[in-house]
Amino acid sequence: MLPEASSLWLLRLLRDVQLAQFYRPILEELNVTRPEHFDFVRPEDLDNIGMGRPAQRRLNEALKRYRSGVKSKNWVYKILGGFAPEQKEIPPRSDSPLCFHEPEGGLKCLIPEGAVRRGELLGSGCFGVVHRGLWTLPSGQSIPVAVKSLRVGPEGPMGTELGDFLREVSVMMKLEHPHVLRLHGLVLGQPLQMVMELAPLGSLHARLTAPAPTPPLPVALLCLFLRQLAGAMAYLGSCGLVHRDLATRNLLLASPRMIKVADFGLVRPLGGARGRYVMGGPRPIPYAWCAPESLRQGAFSSASDVWMFGVTLWEMFSGGEEPWAGVPPYLILQRLEKDRARLPKPPLCSRALYSLALRCWAPHPADRPSFSNLEGLLQEAWLSEGRCVREVTEPGALRMEPGDPITIIEGSLDTATWKGQNGRTLKVGNFPASAVTLADLGGSPVTHPAHRGSPAHGEKCRGGTDGDREKATLQDLPPARSHRTKMPLQRMRGISKSLESVLSLGPRPTGGGSSPPELRRTRAMPQRLPDLPPRPPDLPPRPPIICNSSQPTQPHKARPKRESSHNHRTGAPGASKATVPSGGPLSDPEWQRKVVEVELSVHGVTYQECQVALRTTGGDVASAIRNLKVDQLFHLSNRSRADCRRILEHHQWDLSAASRYILARS
């Protein structure tokens, strides 16, 4: 039976001093419904309901504190925040447990010890073990939960473990987000127990590493998980918290298409003007996931969580592999800072997403994107979806049948071979571009082909987000994929050559092995499978780069790009190969003159890039030149396109001077 609204104060008072079992006798036998009624209760009355004299003294002390408006001195409440006596009493819903609507910082729910039954062991941590459990609500309804119990030794819980456990409770009880694991309540028994939402499908890491015959996760679903994770981490940041342990092992699958951030044992509040948390002493931390400043100084911030987000992205697309496997923890910092090494691009990861990961791994925290920006950047890097239009049975090609959904990982209009995943078989491989057509798959959120592969197109992940673009679907994409013009790989070689010749820069140190150096602009190896992202109206397309060897490409940082569907060129829906987009007759001498003028004005660009730049600007030579210079500077730096444009304007559009300015500050 649930308490009446008028007597909630009594239940709170009794629970505060661990006398909740006397709630019904005091209410029904002694008819106490208001605090002043205790003035007429004698000690023998309390004796008659079984309350001993020590308990009576505790009750009297609690009554004094309640009447004086002083909060309870119970140790749990002192740490977690107690029930405010002046709080307005609100009766619980008939289908809810004995929960009270608490002020911010108050307990969500105190659960009777007998209401929770523990089952099989799900896992264990530094200071607790997690069991599957069953929570019986006062209404009689039972719901499956996860129960985390404080690990107790022969002499009781250690002070550090108890503090960490209660700190985790205090964090979780303030959080409410669809992609953050929810705390239902706390059991004040022996041992202390947290009753949490159950994620029945286990951790994402366990799912990624599940052996056959468990099928792999679709790469499009991994992209969805990344967006959910970015939203949850943006929420934690808005709460002034740093997670410090972001990894696939701490992402739980609440359903086949939903993850939730869990394990808040290392979460700490961000403080000070610099908005960071600095460890006070040696404590265990996940070295392979940590940012350099965390390993060097013990400093954690939202920017260090962004670094961990990049490592988590790498985990997802590498099948749950351990980052920096085989590298001793004490050498990881040296690899990151001295060698400037970064984790290599996983085979299933598009260049756009890897470029985004590299941006998350910027050496300086201020250069990393925020989680709120990452949500938009991921939208820009979204993988395109298509459908098979003819059977593919060629040796070595990805097998597909008409109607199969195909997620395009890499591909561009100037190549006849693309890379993707068959949504029916979940196999990944190369296939003829003519076998797939981009088509609206019924409103799925496949707005921008995330495989805007070339580092260039990973760069679509830079800058702010545009609401209209985020809502775009495949209907916004040109049917013939002709929005992306031919972009030969020679273009990236041109960019590298341009920067070297103009700036006289020597080769930068490599990361060694297969790890790409941070922030190095790509000297691309020959690639076979460029990508096909839509191009913004004011920006020339970037060169596709695909790494077909163990040496990872070193893509540019990802940046979001703004574009609208009316700027896309049109073509036949079933077009299999890219054609030169319309926009000016290539045989027109005036048009040829403009192309040559643009090519001579921007060192390192290709003839095809100049054509695209002119078409996107309606033949305006000056605008085309400026857009190409912005594009060049964009790939050299970790700045947004808007910043690059401002820097170029400050240097009177002198690309050489602007490049030196940026490199001096990188």
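Glycine is treated like the rest: Cβ placed from N, Cα and C.
For 531-544, the entry in Swiss-Prot reads compositional bias 'Pro residues'.
Residues or ranges marked as domain 'SH3' in Swiss-Prot (evidence: sequence analysis): 381-441.
Residues annotated as phosphoserine in Swiss-Prot, with similarity to another entry given as evidence: Ser96 (among others).
DSSP gives Ser255 (phosphoserine) a strand state. Per Swiss-Prot, phosphoserine is recorded for Ser255 (among others).
Sequence annotations record features per position, and here Swiss-Prot assigns phosphoserine to Ser498 (among others).
For Thr510, the entry in Swiss-Prot reads phosphothreonine.
Residues or ranges marked as phosphoserine in Swiss-Prot: Ser515 (among others).
Feature annotation from Swiss-Prot assigns phosphoserine to Ser582 (among others); the stated evidence is similarity to another entry.
Among the features that Swiss-Prot reports, region 'Disordered' is placed at 442-589.
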For the domain 'SH3' (381-441), mean pLDDT (0 to 100): 87
Residue counts (helix, strand, coil, in that order) that DSSP gives for the domain 'SH3' (381-441): 3 helix, 26 strand, 32 coil
Tertiary neighbours of Ser255 (phosphoserine) (same chain, Cβ under 8 Å, six or more apart): Leu201
